[in-house]
Amino acid sequence: MIDYLREIISGTWSLFVGLGITIRYFFQPVVTVQYPYETLPMTPRFRGHIELVKDEETGETKCIVCGMCQKACPSNCITVNGEKREGVKGKVLTEYTLDFTKCSLCGLCVESCTPKAITFSKDYNLAGVRKEAYIFDLKKRLEAKN
Amino acid sequence: MYVDPEIIRLLAFLIGVIAFAALNAAYLVWLERKEAAHIQRRIGPKEVGPFGLLQPLVDGIKLMTKQLIVPAGVDPVLFKIAPILVMVPAIMSFVTIPFSETLVARNLDIGLLAIFAFASVNVLGLLLGAWGSRNKYAVISAARVVSQNVAYEIPMLVTVVTLVMISGTMNLSKIVALQQGGFWHWNILNLSASPLMPVAFLIFFVCMLAETNRAPFDMAEAESELVAGAFTEYSGMGFGVFFMGEYANIVIGASMATILFLGGWDCPFGLFPGVHWFLIKMYFLIFTVIWIRWTYPRTTFYGLLNLSWKILIPISFVNLILTSAMLKVF
Ligand code: SF4
Ligand code: SF4
């Protein structure tokens, strides 16, 4: 009998404690980010799809078209092409395509690039209704940024 | 042309009550979403209108434009009248509720009895809806609803009988009138009638939660386990009417708790009584109902029945006996 009453009283009390906790939260300010209107800065280690890095001196890409990234990529998402031009040392990048539908964000391409010409972007607003929306022309993207 | 003022009164009452029930249902959903959001430190509806205040309107439009699917094989009559059987008694119950000294549609001497009579039709509506759906799962959940309601009607009625013994009347206005003059006169603190009165209020409140199928007792439509339980087969506004009925029942439950225990339209300090005090108390109770929903997880069915049969019913009987003894002695 005593146990029965004690259980009821302690049980009821614990219910009120629970209510107390939720009402405290009720009066605390909201913490959610109102996403489309507000965004948080991404962390520096965030891995988005890869992106060509701009050379600050020339304003062009740092890529020397060595093809290492293309070889390193385990999923074959990268296509790099270049051509020889008059008066320019080395090759000039003509095409850099990333098929993001296959990318596993492993980062091998970024690691294998000696001139540090590619990096992870901070882009995460990637919604699309067609597969083609994820085949990025990174050269165009870099030019669009300039 | 002579029109009986009684008819005008009835019409005014009908329109008023339907508007009140519909608006309450709509805006309690809004309140529920806002309160839930703030307990979880979110904002809740905010896009449509200021503070999301037009959200219930667009929700209503959305529900109404949805196709009403009547599945093949259902009992068409039962299937269609079941939502009405839930909604109409809820609206009818407003007839006897005294919002203030003068604001009452029908001052019945058996007001309390009438409300409980109407309240039990609600269960019938759910049961018929599930039965008419010809869906095993709906029927099983409806059986759960019925056993839940039977289990919780007993302690609730025993508590109410205690109150009727104290007040000596079933007229709701008179019950409130007996509690006038400050919060120390309210039944919840009527310790000279029975020292268990605050406990009786708790029992009544818990039973009210269970009767209106509110969390943590929302077995009728445990959406995560039973896929909306008893109204699995209902779509669009058929489901919407069940929902409105549920919210109307919450309003009635909160009003009953206000009338029976919290002195109805009485001001806590004996100053200006009026309909505003009734509404404040009622909405505070509704706020608590929602607050409880977002605090406790859903109980299991055994927990629910154990709580009623092992705890609430014995205690309410103890309270009944204690009250009758006190009434006899003093
Ligand atoms: S991150 Fe990995 S998978 Fe993606 S492009 Fe680079 S190497 Fe290929
Ligand atoms: S590894 Fe670097 S430099 Fe070489 S092709 Fe790829 S991006 Fe260009």
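Any Cβ shown, glycine's included, is placed from N, Cα and C.
Look at TrEMBL and you will find A:CYS63, A:CYS66, A:CYS69, A:CYS113 tagged as [4Fe-4S] cluster 1 binding site. A:CYS69 ([4Fe-4S] cluster 1 binding site): 22 other CB atoms within 10 A of its CB, across all protein chains.
Taken from TrEMBL, the feature [4Fe-4S] cluster 2 binding site applies to A:CYS73, A:CYS103, A:CYS106, A:CYS109. Residues within less than 8 Å, Cβ to Cβ, of A:CYS109 ([4Fe-4S] cluster 2 binding site) and separated from it by at least 6 positions along the same chain comprise A:ILE50, A:CYS69, A:GLN70, A:ALA72, A:CYS73, A:ILE78, A:ILE118.
Beyond its flanks by at least six residues, the domain '4Fe-4S ferredoxin-type' (A:54-83) meets 90-104, 106, 108-118, 139, 142, 145-146 of its own chain at Cβ-Cβ distances under 8 Å. Feature annotation from TrEMBL assigns domain '4Fe-4S ferredoxin-type' to A:54-83 (among others).
Long-range contacts of the domain '4Fe-4S ferredoxin-type' (A:94-123) within the same chain, counting only residues at least 6 positions beyond its ends with a Cβ under 8 Å from a Cβ of the stretch, are 42, 46-53, 61-64, 66, 68-83, 131, 134-139. What TrEMBL records for A:94-123 (among others) is domain '4Fe-4S ferredoxin-type'.
Listed in sequence order, the binding-site residues among A:CYS73, A:CYS109, A:CYS113 whose CB lies under 6 angstroms from an atom of ligand 1 come out as A:CYS73, A:CYS109. Sequence-distant neighbours of A:CYS103 ([4Fe-4S] cluster 2 binding site): residues of the same chain at least 6 apart with a C-beta under 8 Å from its C-beta are A:HIS49, A:ILE50, A:SER75, A:CYS77.
Annotated [4Fe-4S] cluster 1 site A:CYS63, A:CYS66, A:CYS69, A:CYS113; additional same-chain residues within 8 Å of its Cβ mean position, judged by their own Cβ, are A:ILE64, A:VAL65, A:GLY67, A:MET68, A:GLN70, A:VAL80, A:CYS109, A:SER112, A:THR114, A:PRO115, A:ALA117, A:ILE118. The binding-site residues examined here are A:CYS66, A:CYS73, A:CYS106, A:CYS113; by Cβ neighbour count within 10 Å, the least packed of them is A:CYS106. Ligand 2 lies within reach of A:CYS69, A:CYS113 from the binding-site residues A:CYS69, A:CYS73, A:CYS113, judged by a C-beta closer than 6 angstroms to any of its atoms. Rounded to a whole number, the C-alpha distance linking A:CYS113 ([4Fe-4S] cluster 1 binding site) with A:CYS106 ([4Fe-4S] cluster 2 binding site) is 14 angstrom.
Broken down with DSSP, the domain '4Fe-4S ferredoxin-type' (A:54-83) shows 5 helix, 8 strand, 17 coil. In sequence order, A:ILE50, A:CYS69, A:ALA72, A:PRO74, A:SER75, A:CYS77, A:ILE78, A:SER104, A:LEU105, A:GLY107, A:LEU108 are the residues of the same chain, not among A:CYS73, A:CYS103, A:CYS106, A:CYS109, whose CB sits within 8 A of the CB centroid for the [4Fe-4S] cluster 2 site.
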